[in-house]
Amino acid sequence: MAEQADLIIFGARGDLAGRKLFPALYQLDYCELLSPKTRIVCVARDAMPRETFLESLQPKLQSQIQPERWTEQQWQKFASRIVYVHLDFNSAEDYVRLAAELHCAVRIYYLATPPSLFGPICQALGEHQCLNDDSRIVLEKPIGHDLASSVAVNETVAKYFSDENTYRIDHYLGKETVQNLLVLRFANRFINTQWDQSCIDHVQITVAETVGIEGRWGYYDKVGQLRDMVQNHLMQLLCLVAMEAPNSMTAESIRDEKIKVLRALRPIDENTITTHTVRGQYAAGYMGGQPARGYLNEDDCTVEQSDTETFVAIKAHIDNWRWAGVPFYLRTGKRMAEKLTEVVISYKALPHNIFSGNPASNNRLVIRLQPNEGIEMRMVSKLHSLRDRMALVKQDLNLDFLGSSAMGRIPEAYERLFLDVISGDQSLFVGREEVEESWRWVDGVVEAWKRQNMEVRKYQAGSWGPAKSELLIEKDNRSWHG
Ligand SMILES: NC(=O)C1=CN([C@@H]2O[C@H](COP(=O)(O)OP(=O)(O)OC[C@H]3O[C@@H](n4cnc5c(N)ncnc54)[C@H](OP(=O)(O)O)[C@@H]3O)[C@@H](O)[C@H]2O)C=CC1
Ligand SMILES: O=C1O[C@H](COP(=O)(O)O)[C@@H](O)[C@H](O)[C@H]1O
């Protein structure tokens, strides 16, 4: 069981808190993984009694928990941990009231707010006696809007929290299957020794979502898919696929290796931007047979035109010995045909095909991160037949993680990450340098888009993105997996 802590959630009435943070904390409580003394101090701007806050939280939370895990008794136990503090972010008095509610030696401030508030909140916490010797800060992604703003946020945070006490979340790192990438690569000799440009033809990373931007339009339209997803989640996946083996599983060793990958990413500039990237925006279409709105017709959309991308495809290169000549094709988008996160490692054909009459066939390793978490290995084997002397077939070895999970369910990322913050383990959190290196590369893409005035191409909701994204890979005689 984790040690006792005050978990103070800023933005407790927001989307992230409601959809991810409270369900994760409920699950930890259900599994008896939280100390009985741990309290959840919920901070938001509206003044209301604690009971009113709980009344609004309860149905939302219940709708996200498996019925067999929800009982009145369990809910009451969870609710008894909750304290509600209304706070105007600019009011000194309110911070003093907040400090008076804190009792544990470990204070964990979780900022589930827009990143523009990270600096001001840290400053106010520091100035109004809310910090003790073991106060930790958890920052949600994205940290900043570009390199300059990210540096500014990190500088302000660093005045009040040491780096050891700063936890930068990228919730993809908390996903069990993402952590499994490390295990797959560094605990299996036969995979490890076939993991470079001599064997691998190319890598694909797809993070496709079916959700649109409903309810988050105001935030998203200023950000776009490149900053919302590529700068953080896709870059982290790319690092885990491409990095060298860390010396150990410490945060420092892992970060050191990821930074080298980010530094080796070839910049995309105005000369390569049109051949190496595609931007898209969803238009009306169909999702699961039902009509779906376009981005510009979402309820909270306030403009007639927007140049914000909801889809990005990128052909990236990592300029080092291991990956020379191996393209990494990345794509991510909202309102796509399926929810799917996968990494596909496509192997080179063998140098000579002795099975004449059969096309040379490539092996492929598909690492499915969500849903249906598992691994598929495409092999070639003989078709059992007397008629065909030597016909070959492609067959998939399939490993299903859910089937092999000791828990019968795969824990959500935020469950792991909360436990790690409480126990002080930073190995699944992102270092400052990583965040900044990633921004440096992404800023280059944004700048090149501007210089080339690169338009967003419309794609139908429920499709796999703009047709141009197929071309991005097909012009290299390859195709997206799926
Ligand atoms: N939603 C998601 O799926 C994900 C979100 N994130 C990140 O998590 C953070 C929170 O996201 P999300 O919950 O969607 O955000 P919301 O827009 O729902 O905002 C969260 C809370 O922040 C407070 N807030 C917003 N604007 C202001 C303001 N100008 N001044 C004071 N308080 C303000 C509000 O608190 P109040 O209720 O008190 O008004 C609001 O409830 C963001 O940094 C986001 O990028 C990261 C991964 C996924
Ligand atoms: O960080 C974010 O992630 C979600 C996708 O997370 P997932 O765990 O459901 O894959 C994305 O919808 C959101 O826009 C982004 O801010």
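Each Cβ is built from the backbone N, Cα and C atoms, and glycine gets one as well.
As recorded in TrEMBL, the features of this protein are as follows:
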type	residues	note
ACT_SITE	His233	active site, proton acceptor
BINDING	Arg45, Asp88, Phe89, Lys141	NADP(+) binding site
BINDING	His171, Lys175, Glu209, Asp228, Lys334, Lys339	substrate binding site
DOMAIN	8-180	domain 'Glucose-6-phosphate dehydrogenase NAD-binding'
DOMAIN	182-481	domain 'Glucose-6-phosphate dehydrogenase C-terminal'
Sequence-distant neighbours of Glu209 (substrate binding site) in its chain (C-beta under 8 A, six or more apart): Thr332, Gly333, Lys334, Arg335, Met336, Lys339
Position of peak Cβ density within 10 Å, selected from the binding-site residues Asp88, Asp228: Asp228
Mean predicted confidence [pLDDT] for the domain 'Glucose-6-phosphate dehydrogenase NAD-binding' (8-180): 94
Rounded Cα-Cα span from His233 (active site, proton acceptor) to His171 (substrate binding site), Å: 8
Entries of Arg45, Phe89, Asp228 (binding-site residues) sitting next to ligand 1, with Cβ under 6 Å as the cut-off: Arg45, Phe89
Closest of Lys175, Asp228, His233 to Phe89 (NADP(+) binding site), Cα positions, recorded positions only: Asp228
Candidates near ligand 2 among the binding-site residues Phe89, Asp228, Lys339, judged by a Cβ under 6 angstroms: Asp228
Whole-number Å value for how far Asp88 (NADP(+) binding site) lies from Asp228 (substrate binding site) (Cα to Cα): 27
Distance [Cα-Cα, Å, rounded] between His233 (active site, proton acceptor) and Lys175 (substrate binding site): 11
Maximal Cα-Cα distance (Å) across residues annotated as binding substrate, namely His171, Lys175, Glu209, Asp228, Lys334, Lys339: 20
Arg45 (NADP(+) binding site) to Lys175 (substrate binding site) - Cα separation in whole Å: 31
Fewest other Cβ within 10 angstroms of its own Cβ, chosen from the recorded positions Arg45, Lys141, His171, Lys175, His233: Arg45
Cα distance (Å, whole number) from Lys175 (substrate binding site) to Asp88 (NADP(+) binding site): 34
